[in-house]
Amino acid sequence: MKAVHFGAGNIGRGFIGLLLHNAGYDITFVDVNDALVSQLRAKGQYTVKLANEQADTFLVDRVTAIDGKNIELVAEAIAEADLVTTAVGVNVLKSIAGAIAKGIGLRASGSRQPLHVIACENAIGGSTMLKRHVWEHLSPDVQAQVEKTVAFPDAAVDRIVPLQQHEDPLLVTVEPFYEWTVDRSAVLPGHFEIEGVHYVEQLEPYIERKLFTVNTGHCCAAYHGYLKGCATIQEAMKDPDIVAEVRGALKESGAALIAAYRFDEAGHAHYIKTILDRFVNPYLTDEVVRVGRSPIRKLSPNDRLVRPALLAQKFGAEVTHLAAAMAAALRFDPADDPEAAELQQAIRELGVDWAITKYTGLDGQSALHKQVAEQYEKLGRLHPQGKE
Ligand SMILES: NC(=O)c1ccc[n+]([C@@H]2O[C@H](COP(=O)([O-])OP(=O)(O)OC[C@H]3O[C@@H](n4cnc5c(N)ncnc54)[C@H](O)[C@@H]3O)[C@@H](O)[C@H]2O)c1
Ligand SMILES: O=P(O)(O)OC[C@@H](O)[C@@H](O)[C@H](O)[C@H](O)CO
């Protein structure tokens, strides 16, 4: 079986690549990082190391890589593939859609085998988004022709894979925990289920629970940690005030999830505990600038802060800690994050009230907007010099 995976980065090699390899796939990675592509081509294999006491290692072989800028070559690989996956970042999906469309076009004239395209990004409806971008490149005739043979099931992926700093540029250290959940209702007949993937009839509760617990808590630790001068999540989680913020935010998003999806309260409390334990894994070093990266995306209406806050409010819950995390995100200003730079420039030039409305979509008159603005001022008084 052949898989084409876009994005040979941390999650691509450390999670999706490893699982697909174990499930029997030969993998062609597609990436725009020339060095990464040539190393993968030259070696044809790489190692994944678990962040546990034994430092277990796994060899992923039967891999190759191609340059994502070479559309013809990528399309040919897709024409022969049984599965396409991505882990490039949700904002990059638009850029890879042309090559996927070209590959689908080549298949349309030949193979009738079903093809599944699964976006493994931190977003609600990632594969559906990708399908929309791909369809923009296909004529109505081809769209109709492939509608029954190409499917884009949405997915939720969970495994913490930090930035890597090893002598071996292909080695990737990952946490032991993983969960890859796929919407079975969008899978075509004849699909060979991927071993290790959890197929569910309705994905929404799973993706929202993951995004609004793991990622909500994670970014809360990152943004407050950054303001207090912590370099890593592990360091931030040693600060009792930050832990209180994280727990508070998870209580608020938990209230929303329990009310919306009728999750069992004790079960959800256990889920939160498992996640907090993962954040403090002593064998991982996960930088706050990675976890807080792209604050505009994280502040957007459908993402890990605003959506659970609005949902919690709908069910009558307080959202003080989620509002504080949004305020801390508005003060996140590492030098090499383009979204942080854009956000800071907008706040400087147009003011924080304008920026809150623009990036969160919250109405200027709403109670939540006011709460975020107040917390933003409060954080300014607590950290007058910004990050040390
Ligand atoms: N790292 C994690 O813990 C984790 C966990 C779950 C989900 N995710 C999600 O997975 C995605 C990737 O995250 P990551 O941490 O692996 O990032 P990463 O930066 O390590 O990897 C992204 C890779 O995509 C490549 N890329 C960029 N543009 C491309 C293009 N046009 N064509 C092909 N490749 C391209 C980059 O060169 C890079 O190698 C994100 O959506 C992230 O939210 C990450
Ligand atoms: O990848 P992002 O930028 O959406 O979020 C940063 C981290 O919270 C994220 O990568 C987690 O490590 C991951 O989602 C765990 O499954």
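A Cβ is built for glycine as well, from the same backbone N, Cα and C atoms used for every other residue.
Unlike curated entries, TrEMBL annotations are predicted automatically.
As annotated by TrEMBL, NAD(+) binding site applies to Ala3, Val4, His5, Phe6, Gly7, Ala8, Gly9, Asn10, Ile11, Gly12, Arg13, Gly14. The Cβ of Arg13 (NAD(+) binding site) lies under 8 Å from the Cβ of Phe29, Tyr46, Val48, Val60, Leu170, Val172, each of which sits 6+ residues away along the same chain.
As annotated by TrEMBL, domain 'Mannitol dehydrogenase N-terminal' applies to 1-195.
The domain 'Mannitol dehydrogenase C-terminal' annotation in TrEMBL covers 203-379.
Long-range neighbours of Ile11 (NAD(+) binding site) (same chain, six or more residues apart, CB within less than 8 Å of its CB): Ala87, Cys120, Val157, Arg159, Val161.
Annotation for the binding-site residues Ala3, His5, Gly7, Gly9: lowest Cβ count within 10 Å of the residue's own Cβ, Gly9. When secondary structure is read from DSSP and collapsed to three states, Arg13 (NAD(+) binding site) falls in the helix class.
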